[in-house]
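**Student:** Pasting the feature list from TrEMBL:
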- 1-26: signal peptide (SIGNAL)
- 125-462: domain 'Peptidase A1' (DOMAIN)
- 143: active site (ACT_SITE)
- 347: active site (ACT_SITE)
């Protein structure tokens, strides 16, 4: 149904130069004022004010990690280096987790020490959720690559520091432990039986971070709406750098994710919009966007739909364009192979988009050729294409487009192409992948309403912006 609708639409939306159409775009360049990261183009745009005025959908705010942790940095460069460190760990985790050779780790029955590694990178966006009755407000990491919902709980035998007080199950009138013989317990990838017959769970994140505890049914308050009987992990042993979050809100494809558990209530759909970053590396930490659950609330009219592959959020990408010119890449470079390798994943936990080496080199070279004589600056970690724009009021950069299976095209907003790493120093926010997996990161998703319709197997882009 969505695919048929997409082929009949010719939609052009320009909001910080975002264009979404089911055919090739004719927009070749953006003009960027880097002092405030606003853009202008010579293309007229349809207004999005009608979408905003009619949008009374129930939603709750996404919050950037720095707003929760209170982290400050001496300079934007330090913030970017910290971001890149988290990003590398997250990309390695996804590559391992999505590898055809992946085997989940089973820690039950083993007393071996698990060494905590780097932050696995999923904690870029947080949401405020009420746990229990009466609700205890907690910050949870929003992760589209995870399936389990969990929070740290009293009594905590091993816990990391979090911004909120620990959740106490004894203080909730709706907390109900799940038995190890129940169907819910058997749904977990890694579970076991405790001494009292309760269901014990274990979730590890590939880098040494993990949570262990008991599975329970509990009431969650989401954006002012109480949802009863949600299966959550009550973690009594938790290790890792989850940057002040009380736990994790899994929005993955599996049955234990929040969307999977809501089922008919959510219609298998949710929508999110990541607000664009501020001009400095550590600024604009508060205004991070919104998350909406539910079919009637989340699915917008007029969105351009792209087929979505099962397991995680794979999208079919057929090519990339720079300056409205399709890059000469080998056929099938972005395809998901029969054994589960390769493919392109939409991920909110990864910031910088990762592409196969061939695709990244072609994109970088085309971008460099199109910007012309802009003064170069030294690279910063994995960001190897940087410019000193401190002496410019505005600059012209080429458009970057993703061509999806089914002829849909997404031309990215101009501000989603460059990341400020220091005063006036900007780097191309793309990087080569160390594996065959490509990741469409959150910098490239900013300012675009993205709707996931897992029940029907589609993901929608636009038309609303944030």
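First residue shown is number 1, and so on along the chain.
Just so it is clear, glycine is given a Cβ too, placed from its N, Cα and C backbone atoms.
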**Student:** Including all protein chains displayed, how many Cβ atoms other than that of residue 347 (active site) lie within 10 Å of its Cβ?
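**Tutor:** Other Cβ atoms found within 10 Å: 26.
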**Student:** Around residue 143 (active site), how many other CB atoms lie within 10 A of its CB?
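**Tutor:** So the Cβ neighbour count for residue 143 (active site) comes to 26.
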**Student:** Between residue 347 (active site) and residue 143 (active site), what C-alpha distance do you get in Å?
**Tutor:** 8
